[in-house]
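Engineer: One structure coming up, written as structure tokens, with questions to follow.
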Amino acid sequence: MTILVGDIGGTNARLALVKDASLKLEHMQTLPTQSFASFDEAVLTYLQRLDVKPSKACFAVAAPINDERVSFTNNPWSFSVAELRLQLNIQDIRVINDFEAMARCLPHLKAADVTKVGGGQVKASQTKAILGPGTGLGMAALLEDQNGVYHPLATEGGHARFAASNEREWALSKVLEKRDGFVSNESLLSGQGLINIRWALSQLDGKGVSPVSAAQICEAAIHKTEDVSVEAFQIFWAVLGSVAGDYAMQTGALGGVYISGGIAPRYMSALNDSDFRSRFEAKGDYRSYLEGIATFVVSADQPGLIGAAAVFENEGEAR
């Protein structure tokens, strides 16, 4: 039996096939979302290239899942699940939040797939939390019941209101609020968030800056070629620590907190040298609670696709 799995974000659609009782990905391809007018066009293109007809499918999408129609947060695609079944001729199609897939992947990570940041220990059979700044900010958790069955909890915590931890963060959040009307965690913790931080700092300091990409800000910070990028990068890691610590308490994540996305694995040295872990633990009377929780950066290849395949684990179709 062949299962089609997809990890669909704001920038790329990653698709692969899984065979029967395996989480091994085959024929993985990355399709830029901007190259296709619709989601079904991208999927049909992939299937036609391989000349394959899967019997089941699971798509992890960067969108809230609350009705039959799915509209993406960071790209213009939308689709109807019922119509997709007809277009792809696949009756069993599951659609899950992309960070539900990330959560489902966690039990399948190997030691080489993660890097520990700071202290703390993982407690067995306890809730795990995952958050990942990338195109947006995804957040989810994974609970294990008394029978060892995992239950993912998809959230939209990335869109919760940002809470500043010092005067500098409060000031830059007010600059962003004046421009955008609302400042969420994602407003700072994403590729665009890094751009937002740099811009807001330049406004606060009365210094004009040329527009640059998030990647350029990271490189300028690493090589210390622009002071405002250096500060923006420092604030990014500090805020990530604060949000991760809040989320650890909100979910009771004694099983560990995991950071995914494209930014953290690429800049591990900067993360280790930052205030990430100190801000993670800076929770007043609950400092000792946070000190006991381990934090990790996920560097696994295609964890979203593995998590999408894991949807069928308990049904005997993939494990």
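Every residue gets a Cβ built from N, Cα and C, even glycine.
Reproduced below are the annotations present in TrEMBL:
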- Gly6, Asp7, Ile8, Gly9, Gly10, Thr11: ATP binding site (BINDING)
Engineer: Over all shown protein chains, what is the count of other CB atoms within 10 A of the CB belonging to Gly9 (ATP binding site)?
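Structural biologist: Result for Gly9 (ATP binding site): 23 other Cβ atoms within 10 Å.
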Engineer: Please report the number of other Cβ atoms within 10 Å of the Cβ of Thr11 (ATP binding site).
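Structural biologist: Step by step: centre on the Cβ of Thr11 (ATP binding site), count other Cβ atoms within 10 Å, giving 16.
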Engineer: Which chain-mates of Asp7 (ATP binding site) that are at least 6 residues away have a CB under 8 A from its CB, listed by sequence?
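Structural biologist: Those within reach of Asp7 (ATP binding site), by Cβ under 8 Å and sequence separation of 6 or more, are Ala13, Arg14, Ala60, Asp98, Ala101, Gln302, Gly304, Leu305, Gly307, Ala308.
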Engineer: What number of additional C-beta atoms lies within 10 angstroms of the C-beta atom of Gly6 (ATP binding site)?
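Structural biologist: Its Cβ has 24 other Cβ atoms within 10 Å.
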Engineer: Among all chains shown, work out which of the binding-site residues Ile8, Gly10 has the most CB atoms within 10 A of its CB.
Structural biologist: Ile8
Engineer: With H, G and I counted as helix, E and B as strand and the rest as coil, say where DSSP puts Ile8 (ATP binding site).
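Structural biologist: Note: Ile8 (ATP binding site) is in a strand by DSSP.
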Engineer: Cβ within 8 Å of the ATP site's Cβ centroid: which residues qualify beyond Gly6, Asp7, Ile8, Gly9, Gly10, Thr11?
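Structural biologist: Sorted by sequence, the hits are Asn12, Ala13, Arg14, Thr33, Ala60, Val61, Ala62, Asn75, Asp98, Gly304.
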